[in-house]
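Enquirer: If you look up Swiss-Prot, you'll see ASP158 marked as active site, proton acceptor, on the strength of sequence analysis. According to Swiss-Prot, the feature ATP binding site maps to LEU41, GLY42, GLU43, GLY44, GLY45, PHE46, ALA47, HIS48, CYS49, LYS64, an assignment based on sequence analysis. Under the heading domain 'Protein kinase', Swiss-Prot lists 35-286, citing sequence analysis as support. Per Swiss-Prot, domain 'POLO box 1' is recorded for 393-471. Per Swiss-Prot, domain 'POLO box 2' is recorded for 500-581, and the stated evidence type is sequence analysis. Residues or ranges marked as region 'Disordered' in Swiss-Prot: 1-20.
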Amino acid sequence: MQHVLRTRGNSAQDKNKKHVPNVPPIIYDDMQVPYEKGAFLGEGGFAHCFEFRKLDCNDRLAVKVVPKVILLKSTAREKLTREVEIHRQLSHRNIVQFHHFFEDSQNVYFTLELCSKNSLMELNKQRGPLTEHEARFYTIQVAEGVKHLHNLQIIHRDLKLGNLFLNEHLQVKIGDFGLATFCEKNEKKMTRGGTPNYIAPEVLNETGHAFEVDIWAIGCILYVLLFGSPPFESRRVQETYVRIKNNDYVVPENASPTANRLIRSLLDPVPDRRPTAEAVLLDQFFKTTIEPTYPPVHQQLHKEQDVKYFAPINPVLPHVEEPISPIYQEVANEETSEIRRFVKTEQASSFGDELSQLQAQISHILQNVVASKNKSSTRFGLNHSPEATPIFWVSQWVHFPNHGIGYRLCENSSGMLFNDNTQMKVNSAGNQLTFVDENNTEQFYTMNDQVPMNLQTKINIFSNVQSYMNTHLEADTHLEAEDQCVNKVPPLRNFARLPTIQNWFETKSAVIFHLSNGTVQINFLDHVKMVLCPLLKSVTFIEENKRVSTFTFANILTNSCPKKYLSRIEYAQAKIKLLRPTNNQEHVVYVDSPCRPTTSNTAHGAPLASSRYLA
């Protein structure tokens with residue numbers, strides 16, 4: 001958890017964190033509507049957050065819980081009152097929706113929109129630096145939300161990746177208004193608070209601050225999205241403050257001129273020289289058009305092939321692309337001009353290091369937890385760490401011996417690893433195709449692009465594999481029930497880089513996948529999935545009934561975890577070493593496979609996957 005600076009109340013806050021709320025399994029609002037408690041989502045400040053299901057309509061919500069014992073102090077009551085007063089009046093597509101506020105004898109509750117894809121902080125941990133196109137996609141949404149706040153004379157004052165949540169469509173939602181305040185025109189606030197890596201110099205210098213502190217934070221956010229770490233970050237907080245006061249940071253040379261100029265304007269040490277949120281949205285960075293470096297291919301696919309391949313994966317719920325706002329449409333239009341380009345991706349040389357790191361992490365867990373395996377665990381509710389749940393995992397797969405393995409990820413994107421070590425993947429909307437050749441060079445295409453003739457055969461194979469999965473395999477839908485969402489929004493384009501299967505094999509007990517983002521997934525024959533993420537240092541278990549439990553490795557070391565999971569972690573330790581690449585290793589390896597691939601003379605071979613491996 002990031003360090004939060006406050007000159008007053010630090011000790012009180014530390015004490016507040018000891019007040020873990022006693023939350024009953026069923027709570028009732030002031031209209032006696034029942035809510036059923038679900039997973040623990042996280043904590044911050046003096047509140048804990050849980051998922052709840054509203055039983056009268058089955059809606060799933062996030063519920064922030066504050067123990068009343070904390071509110072005995074007037075400062076805490078005033079802070080909570082201000083937070084509720086500000087948040088409940090907000091209604092915007094890029095702000096977490098506030099629904100309701102009520103209390104019982106022990107706690108105060110407020111119900112919020114549930115953001116199922118964690119936050120940009122988790123995305124940053126998994127992905128590191130994003131492409132400029134992706135950074136534009138997220139930053140423009142942050143600026144839209146900030147513009148709405150500033151129009152209402154509200155300063156957020158704690159904008160950071162951890163407070164920028166993502167819904168199932170990767171739509172950014174600004175949350176946590178614990179430090180927010182109203183601010184009149186020409187008024188200056190003197191409170192010294194915020195998060196060190198995002199705090200503006202005028203706050204540190206105590207010269208008075210206003211709306212410009214949020215603009216500064218947008219600059220820090222854009223910098224982190226583009227380059228992976230905050231601009232003023234250092235090992236010591238005080239050194240970070242010195243760098244902020246001196247405006248001591250460097251924009252990497254690989255930044256585009258428009259990105260460089262925008263960052264420098266957002267991080268201007270003089271507040272009055274920073275752009276307004278409205279001006280940020282009009283910046284050239286969000287309108288930049290990069291000419292395609294790959295010339296169009298004149299040989300065009302037949303229209304029938306285009307429609308068949310790029311049709312929505314789920315025919316029951318056809319995807320409808322609608323602009324959210326004019327500024328979103330401009331970014332979407334810019335996408336097509338940049339999309340046809342070759343990108344040399346990082347080679348797989350780091351895969352062995354990632355697997356070695358994961359093996360070491362698991363070994364450390366098993367060596368230190370083995371003594372506690374037999375003790376009963378009764379406190380797993382708060383030990384769950386849903387914020388460490390990976391964004392992607394394999395939900396379906398099928399193997400055709402003559403061609404390769406096709407698969408679908410949990411958010412409905414799909415891909416295929418061909419026998420010649422090339423890859424093909426398509427996003428969940430079915431309108432963006434990526435081909436990765438044997439040299440690990442990526443080629444991007446959209447629905448309107450002319451695809452080279454030499455890819456037509458693989459596109460046809462990939463299309464047939466998708467059709468097979470649609471027809472024959474059980475759908476592994478999102479763990480959240482999207483049809484029960486309160487506020488439907490048009491799906492946004494998914495710009496997160498989709499991982500691919502880099503290596504896989506079968507045993508008599510399971511199927512093991514290694515993804516390009518470092519994740520290792522094991523699908524057991526009893527329909528339990530285990531997803532190990534070395535970057536988030538966590539393990540996620542997905543039961544046959546779709547129940548999800550995520551534990552950080554640190555959490556397991558401290559509190560152990562259910563005995564039924566430890567044996568699976570031991571199994572993973574034994575099998576991960578078989579995934580480590582050797583000099584001549586191909587992508588696909590088979591170990592003790594009960595259904596070893598055989599030569600087939602049919603058009604696509606007999607699939608070796610079956611529903612027993614699927615959730």
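Using the three backbone atoms N, Cα and C, a Cβ is placed for every residue, glycine included.
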Enquirer: Within a 10 Å radius of its Cβ, which of these recorded positions (GLU43, ASP158) has the fewest neighbouring Cβ atoms?
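Expert: It is GLU43 that, of the recorded positions GLU43, ASP158, has the fewest other Cβ atoms within 10 Å.
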Enquirer: In the same chain, which residues outside the set LEU41, GLY42, GLU43, GLY44, GLY45, PHE46, ALA47, HIS48, CYS49, LYS64 have their CB within 8 A of the centroid of the CB atoms that define the ATP site?
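Expert: Everything else in range on the chain: VAL65.
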Enquirer: Give me the Cα-Cα distance between ASP158 (active site, proton acceptor) and GLU43 (ATP binding site), rounded to a whole Å.
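Expert: That separation, Cα to Cα, works out to 16 Å.
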Enquirer: When you tally the Cβ atoms that lie within 10 Å of each candidate's Cβ, which of the binding-site residues (ALA47, CYS49) has the highest tally?
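Expert: In terms of Cβ crowding, the pick is ALA47.
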Enquirer: Just give the helix, strand and coil counts over the domain 'POLO box 2' (500-581), going by DSSP.
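Expert: Going through the domain 'POLO box 2' (500-581) residue by residue, I get 24 helix, 32 strand, 26 coil.
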Enquirer: Mean pLDDT across the domain 'Protein kinase' (35-286), rounded to an integer, is what?
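Expert: Over the domain 'Protein kinase' (35-286), the predicted model scores a mean pLDDT of 93.
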Enquirer: Based on the record's binding annotation for ATP (LEU41, GLY42, GLU43, GLY44, GLY45, PHE46, ALA47, HIS48, CYS49, LYS64), what whole-number value in Å is the widest Cα to Cα distance?
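Expert: Between the outermost Cα atoms of LEU41, GLY42, GLU43, GLY44, GLY45, PHE46, ALA47, HIS48, CYS49, LYS64, the distance is 14 Å.
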Enquirer: DSSP helix, strand and coil counts for the domain 'POLO box 1' (393-471)?
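Expert: Going by DSSP assignments, the domain 'POLO box 1' (393-471) contains 19 helix, 33 strand, 27 coil.
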